[in-house]
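Q: Per Swiss-Prot, FMN binding site is recorded for 10-15, 78-80, 113-119, His134, and the stated evidence type is sequence analysis. Annotation comment: Swiss-Prot describes Tyr12 as NAD(+) binding site, evidence class sequence analysis. Annotation source Swiss-Prot lists substrate binding site at Trp98. Look at Swiss-Prot and you will find 4-190 tagged as domain 'Flavodoxin-like', backed by sequence analysis.
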Amino acid sequence: MAKVLVLYYSAYGHIETMANAVAEGAREAGATVDIKRVPELVPPDVAKASYYKLDQAAPVATIDDLANYDAIIVGTGTRFGRMASQMANFLDQAGGLWAKGALNGKVGGAFTSTATQHGGQETTLFSIITNLLHFGMVVVGLNYGFQGQMTLGEITGGAPYGATTLTGGDGARQPSANELAGARYQGKTIAETAIKLHG
């Protein structure tokens, strides 16, 4: 049975919610799924003053965890059109795994959130996907079998490069039903691909 890691960073909880939906989809495909987060780098007093969601249930991942999975699905909110520094810092520490080829052939994917419709969703996904390709991973996006990303009837995230959500400038908007459906679809598709490749 394929093992899937949903690895995320979430400052305000939106990506945490998306990560849970991604995991639901992967489990639906029959994979064993773990959800882990990367360490917070912001000092605790600053994080509290900024109303960061610090009470997240997922355990903190270690770099060595990455080698133990057949698929790794990475999610983080955007920071000025790229992945958050917390996720970048974590992935930057994977050089030893990269040097050994320990991630070659694993299945990867990306998901993200932005405050606005044009706040850098695709560039943030690309910043994650670039890392996955350098690691030697097979990247799976959110294909157009998910019709929800074609809708014009509502403001919604979703791109062929990965599932996305919009939060609003004040963070009040939570992932919509359509966005969560996209996250589940991507999780299921990635898990199905991992099962085909790794059993």
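Just so you know, glycine gets a Cβ as well, placed from its N, Cα and C.
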Q: Let me know the model's mean pLDDT on the domain 'Flavodoxin-like' (4-190).
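A: A mean pLDDT of 98 is what the model gives the domain 'Flavodoxin-like' (4-190).
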Q: C-alpha of Tyr12 (NAD(+) binding site) to C-alpha of Thr116 (FMN binding site): distance in Å?
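A: Their Cα atoms are separated by 15 Å.
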Q: List the residues of the same chain that sit at least 6 positions away from Gly13 (FMN binding site) in sequence and have their Cβ under 8 Å from its Cβ, in sequence order, or write 'none'.
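A: Within the chain, Gly13 (FMN binding site) has Cβ neighbours under 8 Å at Lys53, Gln56.
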Q: On a count of neighbouring CB atoms within 10 A, which of the binding-site residues Ser10, Thr78, Ser113, Thr116 is highest?
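A: Counting every other Cβ within 10 Å of each candidate, the maximum falls on Ser113.
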Q: I want to check the contact list for Gly119 (FMN binding site): same chain, sequence separation of six or more, C-beta distance under 8 angstroms. What comes out?
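A: In sequence order, Thr78, Gly81, Leu166 meet the Cβ cut-off.
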Q: In sequence order, what residues of the same chain, 6+ apart, have a Cβ less than 8 Å from the Cβ of Trp98 (substrate binding site)?
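A: Within the chain, Trp98 (substrate binding site) has Cβ neighbours under 8 Å at His134, Phe135, Gly136.
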